[in-house]
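Features reported for this protein in Swiss-Prot:
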- Glu89: active site, proton acceptor (ACT_SITE)
- Cys335: active site, S-methylcysteine intermediate (ACT_SITE)
- Cys110, Cys114, Cys117: [4Fe-4S] cluster binding site (BINDING)
- Gly160, Glu161, Ser192, Ser215, Leu216, His217, Asn291: S-adenosyl-L-methionine binding site (BINDING)
- Cys103-Cys335: disulfide bond (DISULFID)
- 96-332: domain 'Radical SAM core' (DOMAIN)
Amino acid sequence: MTAAPASVRLFQTHEMEALRRDRRLDPQVFRKLRNDLLKKFESDEAVLEKYPVAEAIELHSLKLYQRMDSEIDGATKLLFETESGMLIESVILRIATGRTTLCVSSQIGCAAACDFCATGKMGIAKNLATEEILDQVVQAGQILRGEDRRLSNIVFMGMGEPLHNEVNVTEAIELLTAPDHFARSPSTVLVSTVGVPAGMLRLAKRFPNLNLALSLHSADQTTREKIIPLGKKASLAQLHDAIHEIQTIQDREFMIEYLMLRDVNDSAKDADRLIDWIGDLRVHVNLIPYNTIEASPHLHASSRPVIESFADILKASGLKTTVRYSLGNDIEAACGQLIRQENRQRAMQARRTESESDSHVGFLDVRQVVDGLESQKNK
């Protein structure tokens with residue numbers, strides 16, 4: 001029999017089983033522990049008091065480095081430090097309807113290099129481990145339990161391209177929806193991507209009730225490639241075909257995200273292109289006001305009247321359309337704003353001290369939660 005290590009990691013099944021056998025514990029002990037921590041989000045103190053064996057378990061893989069609460073709305077930015085010493089961010093969004101959404105990161109930095117995105121400007125991605133993705137959920141859930149609030153939705157719309165970390169993101173979703181772990185419905189989870197057709201299809205097949213979103217931002221191939229360099233790898237036709245195939249698997253609307261950029265993609269002609277591209281796909285379009293970033297001074301936000309006019313054109317064609325406005329502007333939690341000088345410095349230090357190529361990482365972006373996610377649950 002393999003002896004249990006001095007401390008074991010919460011989401012490592014083999015390590016946990018070795019610990020159980022080493023301590024000769026009833027299998028129900030760990031079932032109850034996971035139930036209290038992952039479903040009820042009880043505090044560490046409560047878990048340690050109820051289960052002395054928890055002292056031998058690493059309950060968290062992330063260290064909460066800083067918390068910032070918005071003074072103007074219900075957003076909270078959580079800054080976590082990873083074991084590698086780099087920083088990631090999650091955002092809690094307390095919606096006026098009473099729903100609460102957590103926006104999680106899947107990578108440190110991002111390789112997609114979107115022109116409008118702070119993260120994309122700042123470096124090559126380093127994948128977060130499955131346990132680092134899940135610990136964002138655990139720690140946010142514990143905060144919300146203290147407020148007597150429930151976590152309604154989890155969206156992979158934070159830092160990084162989830163489908164560039166497909167293995168760990170998929171495993172995280174497996175555990176989020178596993179009855180013996182978080183036991184969440186897949187319909188409460190959303191994954192947003194800039195467009196990786198094969199990965200989108202794999203997720204849809206594995207989780208038919210999972211919500212998926214595409215960061216489209218233009219229905220003109222040339223324009224999209226300018227603002228999303230990764231668009232060169234997957235054409236608009238390929239993305240349309242992927243969504244069409246996904247909708248033969250999933251009986252639900254597909255989310256389309258469209259960032260409104262002045263004189264780039266916000267004309268009536270752009271709206272008509274979008275309508276034509278969507279065609280007979282069952283989608284919900286979310287129009288997103290742009291938050292300016294220093295690294296892209298040539299990009300500007302569309303005016304509110306232009307956004308509303310664009311929305312009217314889409315609605316007149318029969319498309320479900322929502323204009324979304326930011327939460328957390330005062331704490332830099334809104335789309336494209338999550339950048340920290342400290343992480344720049346840590347990334348520079350990592351470049352000097354680490355030899356592995358995947359250490360060249362860095363910066364943070366959280367996109368706003370997609371409106372309409374709640375309406376998908378029972379479809």
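Glycine residues also receive a Cβ, built from the backbone N, Cα and C atoms like all the rest.
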Note to self: Cα-Cα, whole number of Å: Cys103 (disulfide bond) versus Ser192 (S-adenosyl-L-methionine binding site)?
What the structure shows: 11
Next item on the list: To the nearest whole angstrom, state the Cα distance for the pair Cys117 ([4Fe-4S] cluster binding site) and Ser192 (S-adenosyl-L-methionine binding site).
Entry: 14
Item checked: Per-residue pLDDT averaged over the domain 'Radical SAM core' (96-332), given as an integer -> 93
Next item on the list: Within 10 Å of each Cβ, count the other Cβ atoms and name the one among the binding-site residues Cys110, Cys114, Cys117, Leu216 with the highest count.
Entry: Cys110
Note to self: Spatial neighbours of Cys110 ([4Fe-4S] cluster binding site) among the binding-site residues Gly160, Glu161, His217, Asn291, defined as Cα within 10 A: which are they?
What the structure shows: Gly160, Glu161
Checklist line | Nearest-integer angstrom distance between the alpha carbons (Cα) of Ser192 (S-adenosyl-L-methionine binding site) and Cys114 ([4Fe-4S] cluster binding site) | finding: 14
Next item on the list: Measuring Cα to Cα, tell me the gap between Leu216 (S-adenosyl-L-methionine binding site) and Cys114 ([4Fe-4S] cluster binding site) in whole angstrom.
Entry: 11
